[in-house]
Amino acid sequence: MMRILLFLATNMAVLVVFNIILSLTGIQAQDATGLLLMAALFGFSGSLISLFLSKTMALRAVGAEVIKQPRNDMERWLVNTVRSQAERANLPMPDVAIYHSEDVNAFATGPSKNNSLVAVSTGLLRAMTQDEAEAVLAHEVAHIKNGDMVTMTLLQGVLNTFVIFVSRMIAKVVSSNRDGESSTGIYFLVSMVLEILFGFLASMIAMWFSRYREFRADAGSAKLVGKHKMIAALQRLQRLHEPQELEGQLAAFAINGKRGGLAALFMSHPPLEKRIAALQQLDSFK
């Protein structure tokens with residue numbers, strides 16, 4: 001996985017544009033209400049754009065092909081399995097796609113429950129048993145059922161708004177002299193530094209929520225197909241070679257996850273052993 005998530009990169013670009021516009025226009029956003037509205041506008045823009053373009057971006061990022069008409073038994077099984085799970089979850093049928101990769105992975109994306117995508121790699125289909133692959137598909141369907149794509153978009157928008165608003169307010173105080181006049185250069189420098197620092201904190205919050213969301217998707221898979229199948233799928237991932245990582249927002253909705261140490265704070269997924277332990281503690285969904 002790229003260190004900078006694609007989903008967050010779009011928002012970072014919006015922050016840069018926001019700074020450039022304010023600098024060129026000389027707007028200091030002295031009115032806190034005006035600044036808050038401006039921060040919300042720019043804070044949510046990148047997230048919403050990423051959400052609405054998520055399916056197109058995902059298909060292009062991994063070269064996935066949507067199965068419009070199954071051409072073989074594997075494709076028929078994939079489509080029928082996702083259809084069955086979607087019906088049990090009271091969801092409209094998502095698009096189903098396959099992408100060619102040795103990576104053992106799958107992901108879900110899309111702007112809404114009515115316009116979603118489940119994609120799976122050829123590497124996963126070769127490496128996992130049918131029961132294990134079924135559990136992985138159920139995990140992705142659970143992401144859609146839980147509305148995780150929209151929830152992450154809203155959270156990211158709020159975090160972006162916070163980063164812009166607070167950094168600008170602090171920068172104004174720091175750059176103002178005793179006469180109440182602000183130094184544009186100091187204001188711009190301080191606001192940029194603070195946005196970077198607060199941006200890291202915001203990313204930590206977003207990734208914490210992403211990890212929490214993975215536990216919910218695992219439980220959703222257990223509800224659809226039984227927890228023993230989901231546990232088997234996660235155990236399979238443990239036994240396989242460390243998988244290649246997906247780019248950007250795809251990683252946040254994929255099945256696997258890695259990293260340790262300080263980088264664990266920026267992990268989109270909990271460690272596999274913790275996910276397995278959480279499933280084993282479920283009393284239902286045998």
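Every residue gets a Cβ built from N, Cα and C, even glycine.
Just so it is clear, the model here is predicted, and its values are computed rather than measured.
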Candidate sharing the Zn(2+) site with HIS139, HIS143 (per Swiss-Prot), from GLU65, GLU214, GLU273: GLU214
Cβ-Cβ neighbours of GLU140 (active site) (radius 10 Å): 28
Other CB atoms within 10 A, centred on HIS139 (Zn(2+) binding site): 30
HIS143 (Zn(2+) binding site): tally of other CB atoms within 10 A of its CB: 27
